[in-house]
Amino acid sequence: MTRPSLVRCYSLFFTALIVMAIICPAWSEEIPKSRKKRAIPIAYVGMAVAPQVFRWLVRAYGAAAVTAAGVTLRRVINRSRSNDNHSCYGNRGWCRSSCRSYEREYRGGNLGVCGSYKCCVT
């Protein structure tokens, strides 16, 4: 059996909770039912963006706003672009689909940087 003072304490506590719930409702009437529309930053309008940025924009502004602004998802860099037009062999060669007349193909190690292309050195 509980003590009378403890019962009074609990009853006062729950009464205070009920009074607070009546006086301070959890949902304020001042908050509008629909959110205000937020504009996408001008830097992203009509742009093709990376997948991470696209997901962030959709989360922040909504899919309809992102589509209306013309923001598109940039395609994954295709193989020819990711393997062409950069140096190889310690900056002494260049990745190309075919070596030029004054170049020879390097067949040493670490050819993964060129992918399907050839590392052409002078």
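Using N, Cα and C of the backbone, Cβ positions are placed for all residues, glycine too.
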Going by the disulfide annotation in Swiss-Prot, which one of Cys114, Cys119, Cys120 is bonded to Cys99?
Cys120
Between Cys24, Cys119, work out which one Swiss-Prot annotates as bonded to Cys88 by a disulfide.
Cys119
Find the one among the disulfide-bonded residues Cys88, Cys114, Cys119 whose C-alpha lies closest to that of Cys99 (disulfide bond).
Cys119
So of Cys95, Cys99, Cys119, Cys120, which of the disulfide-bonded residues has the fewest other Cβ atoms within 10 Å around its own Cβ?
Cys99
Look up Cys95 (disulfide bond) in the DSSP assignment and report helix, strand or coil.
strand
